[in-house]
Amino acid sequence: MTLDPDIAVRLKRNAEGLFTAVVQERSSGDVLMVAWMDDQALARTLETREANYYSRSRAEQWIKGSTSGNTQHVHSVRLDCDGDTVLLTVDQVGGACHTGAHSCFDSAMLLAPQD
């Protein structure tokens, strides 16, 4: 799969050809995770509506939930104003975090909300 050239020209990638993907749950608005994408991962995501990412540690693409069953059906994808981050709005099945938690941001609060 090849990324649409009209989309590709708008992306700003790091030295490794990657850009950030922020993943938000459609039903709750919760931020679930942050991951990396390359052009092919984004192209596959746009084509299939299955969240595809790029693993820097394994140096390969992966489909969220392909082994765990904790899938992400992609409702929408938006590009930020700088072109270096995409926002995926998803319907999450199971936990989004590799630990099994609902969100990767469930455990370590550094500053609590003020009432």
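Just so it is clear, glycine is given a Cβ too, placed from its N, Cα and C backbone atoms.
These come from Swiss-Prot:
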BINDING   Asp80, Asp82, Asp84  Mg(2+) binding site
BINDING   Cys81, Cys97, Cys104  Zn(2+) binding site
Pairwise Cα distance for Asp82 (Mg(2+) binding site)/Cys104 (Zn(2+) binding site) [Å, integer]: 24
Fewest Cβ neighbours within 10 Å, where candidates are the binding-site residues Cys81, Cys97, Cys104: Cys81
Cys97 (Zn(2+) binding site) to Asp84 (Mg(2+) binding site) - Cα separation in whole Å: 23
CB within-chain contacts under 8 A for Asp84 (Mg(2+) binding site), separation at least 6: Leu11, Lys12, Arg13, Phe19, Thr20
Shell list (Mg(2+); ref centroid = CB of Asp80, Asp82, Asp84; cutoff 8 A): Lys12, Phe19, Leu79, Cys81, Gly83, Thr85
Cα distance (Å, whole number) from Asp80 (Mg(2+) binding site) to Cys104 (Zn(2+) binding site): 21
Largest tally of Cβ atoms lying within 10 Å of a Cβ, found at which of the binding-site residues Asp80, Asp82: Asp80
